[in-house]
Amino acid sequence: MTGELWLTLVDTADIVGFSMTFCVNIVLLFLLKNRGKNLGTYKHLMAFFSVFSIFYAIIESILRPIMHIENATFFLISRKRFNYSTRLGKINSAFYCACFATSFVVSGVHFVYRFFASCKPHLLRSFNMPYLLLWPLGCSIPVMMWASVSYFLYPDTAFTEAAVTNVLNTHYHSIKKDNVSYIAYVYYQYDENGVRYVYLKNLLGCFVHYFVMSATFVVMFICGYLTWKTMRKHKTASDRTRQLQKQLFKALVLQTLIPTIFMYAPTGVMFIAPFFSINLNANANFIVFCSFLYPGLDPLILILIIRDFRQTVFKFFCLRKKNSVDESRSTTRANMSQVATH
């Protein structure tokens with residue numbers, strides 16, 4: 001598809017994703033406050049993820065990122081809503097990368113908690129105060145690694161300036177160079193003889209990114225598998241326990257699939273395609289498309305799977321529907337009475 005068509009799709013996903021993320025996470029925060037008493041410390045982790053998801057959606061809507069892969073180079077381009085300096089634009093792009101990395105890391109922490117709760121309950125004390133404060137500190141390390149690499153190892157050069165200008169002029173005619181900031185992941189360059197060589201500085205940064213992403217995925221997969229394995233061992237439990245285990249299993253499967261489909265797989269393509277000189281061009285924007293939708297999907301799964309949350313939401317809408325029907329019937333009866341008196 002053309003770059004202009006992808007811009008339309010990405011901007012639509014931005015509106016839909018932001019609206020869904022804001023509404024679903026506000027509902028989840030309300031449910032956590034009023035129906036989350038039995039979740040223990042996990043509700044604080046869920047609340048943090050909900051607040052972060054809303055914040056992340058706001059950052060995405062402000063920076064309006066697009067992605068492009070061409071000539072063994074991956075471009076992360078942010079469309080400016082305001083006029084600011086090139087350096088501030090670079091900082092903003094690195095900050096977006098930090099938020100992007102945080103979504104990976106926090107998802108991994110979710111699975112660690114679920115693993116502790118199912119397999120190592122004695123370790124759950126690590127999610128209580130004061131140990132709870134160590135988790136944000138630990139999570140900040142890979143996040144800062146990702147952001148620092150994005151800022152320091154991918155400088156703007158004459159080559160990247162010419163390359164991003166060519167990309168905009170060729171694929172995104174409605175975007176002017178002065179209205180964007182960018183980070184260019186250059187995998188290969190050419191010497192004065194036209195011989196291609198690996199650009200080690202940028203490749204090192206890509207390795208750091210890929211390591212952080214792979215580490216969180218491995219944690220998520222191992223914790224998910226061990227949790228699933230533990231659940232299967234409790235088949236002889238009571239009907240009520242089996243029902244609860246079934247709910248948790250569904251949540252576990254969906255919470256594994258959603259990040260894999262909307263985060264890990266697209267980001268894996270983002271790093272691998274340039275290495276093999278696969279020119280996705282504007283089609284790389286499917287990564288942005290997925291990232292806009294993900295923050296609203298994960299909490300929606302929790303609302304639909306956790307019975308107390310689901311029943312509360314359904315009762316709310318059913319009650320509103322019932323009240324609407326009753327009001328309509330009352331209005332109809334009143335009108336009929338007026339007609340009868342005349």
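Using the three backbone atoms N, Cα and C, a Cβ is placed for every residue, glycine included.
Per Swiss-Prot, Leu9 and Ala284 occupy the same side of the membrane [matching topological domain names]. You'll find the Cα of Asn71 (N-linked glycosylation site) roughly 23 Å from the Cα of Asn179 (N-linked glycosylation site). The transmembrane segment (258-278) makes no contact with the transmembrane segment (132-152), as judged by fewer than three Cβ pairs under 8 Å among residues 6 or more apart in sequence. Secondary structure of the topological domain 'Extracellular' (1-11), assigned with DSSP and counted as helix (H, G, I), strand (E, B) and coil, comes to 9 helix, 0 strand, 2 coil.
In this chain, the transmembrane segment (12-32) lies out of contact with the transmembrane segment (203-223); the count of Cβ pairs under 8 Å, excluding pairs fewer than 6 apart in sequence, is fewer than 3.
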